[in-house]
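*Asks:* First the structure, which I've put down as structure tokens, then a few questions once you've had a look.
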């Protein structure tokens with residue numbers, strides 16, 4: 001034992017260069033364990049009671065469980081009413097609302113990073129975050145304007161120039177932000193600054209990119225915007241109702257209040273709701289026609305001849321079902337069949353967007369993204385499933401619905417040089433003659 005103590009006492013100290021590297025590592029940035037411990041030790045924010053005083057007084061005699069039920073229910077109806085109002089106000093207002101929701105969601109997530117990582121001393125962190133948001137929105141909305149307002153852009157010289165060099169301008173703007181970030185690096189905050197740089201870019205990917213797809217869906221027709229969003233809302237409400245009254249079996253550890261009864265009940269209710277809503281909306285041109293810009297009136301129009309997707313057709317019912325309901329055929333819109341796919345995704349896969357958000361909140365020990373809506377949390381708490389749904393709808397339309405757009409081809413054709421237009425005309429004429437759809441001039445002579 002004495003010999004062991006002597007050996008330990010006489011062991012040489014760590015080399016000077018090792019000590020120097022350790023101290024330098026501490027100065028350059030905190031280690032992963034430091035970051036973890038700081039995140040773990042961060043106190044869980046106590047959410048204040050943000051319920052309106054009127055509701056507090058009216059529901060004061062109820063238990064907390066039923067009080068929460070009534071608060072959520074009343075404010076859900078208020079949000080649904082607001083949803084109907086903005087639909088009535090038209091596509092332009094809807095696009096503005098989508099952009100406002102996107103900015104608020106970005107603000108909520110960036111604020112979490114700002115608070116959790118104690119980024120108060122990071123130079124330019126918030127300024128650069130909002131600058132990158134501006135750059136990404138400029139890129140996406142510039143692409144949309146060029147795509148859907150092509151004739152207006154070509155008519156105005158400043159817009160035409162901006163459209164021609166749009167991607168170069170967007171990339172230049174991003175490079176300015178990138179250089180600003182590099183110049184803002186501080187020796188003692190290196191690692192933390194790169195954490196927040198990654199945090200900002202992942203937030204942009206999740207929030208801005210997917211919210212932009214919502215607007216793309218809107219231009220395909222209001223029905224592609226309203227039905228998916230309504231299916232997510234319906235599933236959220238019905239899963240809560242079934243879980244509240246019949247829930248017994250926990251569904252997933254990330255969300256202890258979610259139950260299998262609510263999950264299954266929400267699925268069947270959402271599929272039925274999707275079929276009924278699709279049937280009602282498919283009969284109105286204002287919902288099924290693509291949103292287009294009218295150059296004569298300088299406004300959006302939603303008037304067209306509905307496609308076959310929105311015309312009633314007769315379908316044969318399988319024999320097994322015929323014996324149960326007694327019908328041999330059923331008349332329905334083809335879009336209703338697509339609505340089954342949309343409502344199924346909203347019910348079975350959409351909730352995983354909520355589970356992802358729950359895992360995120362648990363990782364940083366927060367209850368909600370914000371306290372914007374009493375009983376519901378922040379805006380991001382309400383749109384965690386909507387963003388995933390919007391991406392699915394956009395992919396679904398591109399894969400199974402959208403075909404070549406003649407009006408866009410003509411718009412691009414008119415921007416070509418005369419010799420290019422003539423070459424395309426001759427090629428198209430030869431192709432149509434070969435297919436027998438046109439007769440050649442020599443044959444006519």
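All positions are counted from 1 along the displayed chain.
Including glycine, each Cβ sits where the backbone N, Cα and C put it.
Note that the structure is a prediction, hence the values are computed from the model and not measured.
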*Asks:* If you look at how TrEMBL annotates this chain, which of 3-25, 26-48, 95-117 comes out as transmembrane segment?
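*Replies:* Spelled out, TrEMBL records transmembrane segment over residues 95-117, not the other listed ranges.
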*Asks:* Is the transmembrane segment (69-89) in contact with the transmembrane segment (221-247), using three or more Cβ pairs under 8 angstroms as the rule and ignoring pairs under 6 apart in sequence?
*Replies:* yes
*Asks:* Can you tell me which recorded stretch out of 69-89, 124-141, 193-215, 259-281 has the most Cβ pairs within less than 8 Å of the transmembrane segment (337-357)?
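*Replies:* If we count Cβ pairs closer than 8 Å to the transmembrane segment (337-357), 259-281 scores highest.
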*Asks:* Does the transmembrane segment (193-215) reach the transmembrane segment (95-117) with at least 3 CB pairs under 8 A, where each pair is 6 or more residues apart?
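*Replies:* These two segments touch.
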